[in-house]
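I am attaching a structure below and will ask some questions about it afterwards.
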Amino acid sequence: MARKGKVNTLPQPQGKHQRKGKKQLENKILHSYEEESAGFDSEELEDNDEQGYSFGVNSEDDEEIDSDEAFDEEDEKRFADWSFNASKSGKSNKDHKNLNNTKEISLNEEDDSDDSVNSDKLENEGSVGSSIDENELVDLDTLLDNDQPEKNESNTASTIRPPWIGNNDHATDKENLLESDASSSNDSESELTDSADNMNESDSESEIESSDSDHDDGENSDSKLDNLRNYIVSLNQKRKKDEADAESVLSSDDNDSIEEISIKKVKYDPHETNKESEYNLIGSSEKTIDITDLLDSIPMNEQLKVSLKPLVSESSSISSKKLDAPLAKSIQDRLERQAAYEQTKNDLEKWKPIVADNRKSDQLIFPMNETARPVPSNNGLASSFEPRTESERKMHQALLDAGLENESALKKQEELALNKLSVEEVAERTRQLRFMRELMFREERKAKRVAKIKSKTYRKIRKNRKEKEMALIPKSEEDLENERIKSEEARALERMTQRHKNTSSWTRKMLERASHGEGTREAVNEQIRKGDELMQRIHGKEISEMDGEDVSEFSDSDYDTNEQVSTAFEKIRNEEEPKLKGVLGMKFMRDASNRQKALVQDEMQAFEDELAGVPNEDDTSQKGEDGVPGVLIGNNTGRRSFKPSEEAAKLSLPSRKNPFVSDSAVLKVNKPEMKEGQKKAEARKKKESPLEATEETNPWLQVPDQRTSSAKKLDKNSSKADKKNHKLKMDKVASLQELVEEPKVQPDLIFEEKAFESASEAESDVDVSVPMLKPTKGRLSIKQRELVAKAFAGDDVVAEFEKDKEDWVQEDAPKEEDHSLPGWGSWGGVGVKQRKTKPKVKKIAGLDPSKRKDSKLKHVIINEKRNKKAAKLTADSVPFPFESREQYERSLNLPMGPEWTTRASHHKAVAPRVVTKRGKVINPIKAPN
């Protein structure tokens, strides 16, 4: 917009320089105008025309301002040194000629009225500018001088506009719109319309304020509007022409299209504020680089044009397409899920056969599909054999010299040798080979059979036999000397170790460990045998050979029994006493231990005397109450039976009606005064021997002497003296044998009276009908009960079962429990009457014994309680492999174990589901390709 009272006019040059500068300025203005016209995209303008759009500023953006406000302080600073003057009317024809002498592009090629319009405009501008002082004008030569800074040139170029465009901000916007891309056509059209309207307003205002306000003012404004309309029409025609040219280029030959694109040049914009450089290709965000812009910098040839053809066609087709609106977020997510599901499904399809095979297999062994290690064979080792040691090299060289380095060479040599033999010689050779093979086979079979024999006796006999055979072989002096040296070493070792005696430390240790290991027992036996051999040599006896004799660990053929016993007893006597601590180290415990050792020494001495045949009448420790010597049971020194022999039993057997019912002897220990009733009872008892003869000693039927104590029993009413006396006497009795009560004889046992004609008949009767008498107290009684229970196990099974069943029935039967508490919930005190409270009986439901499933089954106990944990494990239906209930139950009843099934079936049944190898890395399974 123009400043109020002034019109934007071209500066008026002075004289010759004035005409020359004016001409140059007009040419420059026309050139800039042509560039702006060529850069304006008319395609968008026509589209907006067809759609009914009108050019102009939006109502919200339009506002009315004065020309004084339009020219602000910034403009005043900018144009402070400038002066503007109108052009003369005489120059209008020259301007018109210069306009016609420009390039082909013009404002209106069809109408010649533009010349008159432009001339009128210039005359009007000149008339307006005649009032300006000429001293304030600037020479164009100075303005356009090359030495002028670029800032002034840019300012001059930016302030000079075509005659129909005013010097205002909207005109500048219009120029920027002409340089912009086609994508912003709508904005450019609105701004162009706005600039045209503002131009008309500025022109009208300037003409109203001018000194000449006649009829020419309306004509000037109309001519400007006509110029704008003509310019828009020319742009529309040019757009159509450009479209036709573009279609012809696309339809023409490829070479022509590439050349057309390459010929197109980027036009220079005089209003660019940035310097031209490769770093400033894009001036603003609205400008973009197309593929055609890039092709301009490439030198073209035929091959490159052919290769760039699809790019050009693709870029043109893509630019013509429009993008579709994006789908909704939910639809996009659903499509993504479907694609992901398909991808996952395809990945899982690879694993289905592997998973199915693993589920069907009975056993999985990891690592799976492991390659078997190559096992070296004899042939492979022989083929790859290389001699390493010196001996191997010598043997290999000898075989090479003999021509027997391999089996094939050996066969060839044998064939050559056989070819020179006769038929009889070949047959004899074959017979010898067959005989040797037979001997080798028999020897191998015998060696296998001998290796399976585990008998020590056989080993010893075989060893002695080999030694004899070796002794028969004549030996050289060297062998004899070696044997003599070995025997001397053995004798020296024997003297140093003294293994033939029982006094050495080694023998003591071996005897202590003799019961813990087989090797130790063998060492002890060897020591005893060695000592026996030395004793025989000393006495001048020959060592007995063991051929054909059974050799056992403690056999009489190896050594004398007396010496064996003495050796064992000597070991016991030489045992060192361990250091006792704590309770065992107290005096009374040591005294008890000494008493025990004294008893053991007496027993050992008595046993040695018994073996030697020396009677010992003073020794009562080995005799019973009746002076009967003890008898070993099963060669066990710890168990001794003090029973009379068969002869003594026959002589001492009393003749009575019932020989099996006997009264035990009564042992009176410090018997106190007894009451009259007790005296009468004691008088009725008889003292008779409780033992009766048996044919042979039976450890299961050992009945020790039965004794009963008739000592007075203490009670609450006993005096203190009686209690003290009883305590003292019991301390003395503690060291004696434990008291055993007299066995009670059942009265319903009726024994038939028989006349014993002889002792033999009595013996037979006793052997048949002796009742079982069990001791009731002591350690011996407990062991005796255990032995009897094991021997006669199962006799009272029925009674125990019936008792257990009765307990089950009573436990499951209905019960009534009384929960009432006496005195609970009642008043107490003097004068309070006690009321009878009803008992609080709680009935517990149960199973009636008559309604039990096993009520009529005496041999069965059925548990009718429901187990909730077991109910979860019960099968509601028959499992898959079975077809009926009977098959399933039969499989459950089938026993498992090596006793009922074969070894292979048992291993298959108990094989684990997964087997892993220790130390092996289990890699993850890989899916097949």
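Backbone N, Cα and C atoms are what each Cβ position is placed from, and that goes for glycine too.
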According to Swiss-Prot, which residue out of SER195, SER251, SER320 bears the annotation phosphoserine?
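My reading of Swiss-Prot gives SER251.
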Based on what Swiss-Prot says, identify which of SER361, SER476, SER760, SER905 is the phosphoserine one.
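In Swiss-Prot, SER760 carries the phosphoserine label; others show none in the record.
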Can you identify, from 532-570, 805-843, the stretch that Swiss-Prot calls region 'Disordered'?
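Feature region 'Disordered' in Swiss-Prot: residues 805-843.
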Which residue, chosen from SER248, SER262, SER758, is annotated phosphoserine in Swiss-Prot?
SER758
Which residue does Swiss-Prot record as phosphoserine, given the choices SER297, SER593, SER764?
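Checking Swiss-Prot against SER297, SER593, SER764, the phosphoserine entry points to SER764.
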If you run through the region 'Disordered' (805-843) with DSSP, how many residues end up as helix, strand and coil?
8 helix, 7 strand, 24 coil
